[in-house]
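In what follows, a structure is listed as structure tokens, so that the remarks can point back to it.
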């Protein structure tokens with residue numbers, strides 16, 4: 001099985017991490033871009049043959065996405081499942097997980113993955129049937145983070161949260177009506193941050209399995225933030241509390 005990836009950051013990240021997955025690489029005919037040329041040189045140095053294509057053909061491959069003049073067909077990457085969780089939890093000293101409940105926009109999924117990678121999150125967990133797919137759009141927005149952060153798809157999110165609790169992971173859910181703010185919460189131990197769908201929030205069962213609910217204090221007239229923005233705010237409060245170093 002193969003899949004399409006596109007954009008300079010997404011292609012470069014996969015080349016650095018797993019060059020064996022590349023099958024074909026196409027670049028825009030006549031494109032002379034100082035950001036693209038070094039990547040082309042790296043691809044050729046890895047033994048890949050670069051093919052030239054028209055803008056119309058490249059556009060047809062990316063479903064309206066911004067390809068930046070480069071599209072690649074690659075072998076599908078590893079698919080993480082819920083049975084991968086125990087080994088992951090045992091492999092890190094202080095697990096830091098992100099759970100997305102009902103984030104169905106691939107742009108938001110990609111942005112959350114990018115923030116998760118920057119914040120040092122060990123894995124992102126999503127429900128199999130109520131989540132955006134990790135498609136080419138999500139990978140483009142993630143700017144390479146999709147190759148670094150495991151995306152674990154689970155059949156039953158509530159059951160997965162129970163498994164995390166059995167491994168002493170504290171479940172922190174976000175809810176606009178919560179009296180306790182993220183700045184009042186201690187988030188230095190093993191934890192999973194749960195973000196709900198924009199507008200709807202977490203589902204009832206997901207909320208019931210949280211150990212703690214927190215909110216983001218809002219000073220202006222807007223009542224909520226885009227889910228990817230809210231995710232970034234919460235993740236980096238955890239980073240601040242933990243004093244993580246680059």
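Glycine too: its Cβ is placed from the backbone N, Cα and C atoms.
Model, not experiment: these values are computed from the prediction.
Listed in Swiss-Prot:
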- 196, 216, 225: S-adenosyl-L-methionine binding site (BINDING)
Handout entry: Whole-number Å value of the largest CA-CA distance among 196, 216, 225, listed as S-adenosyl-L-methionine-binding
Key = 13
Completion exercise
By the 10 Å Cβ-neighbour count, the most surrounded of the binding-site residues 216, 225 is 216
Practice task
Based on DSSP, name the secondary structure state of residue 196 (S-adenosyl-L-methionine binding site): helix, strand or coil.
Solution key: strand
Exercise for the section: Name the secondary structure element type, per DSSP in three states, that contains residue 216 (S-adenosyl-L-methionine binding site). Expected result: coil
Practice task
Give the number of CB atoms, excluding that of residue 196 (S-adenosyl-L-methionine binding site) itself, located within 10 Å of its CB.
Solution key: 22
Fill in the blank from the handout: residue 225 (S-adenosyl-L-methionine binding site) falls, by three-state DSSP, under coil
Handout entry: Residues close to S-adenosyl-L-methionine site centre defined by 196, 216, 225, Cβ within 8 Å
Key = 174, 176, 195, 198, 215, 224, 227, 229, 230, 231, 233, 234
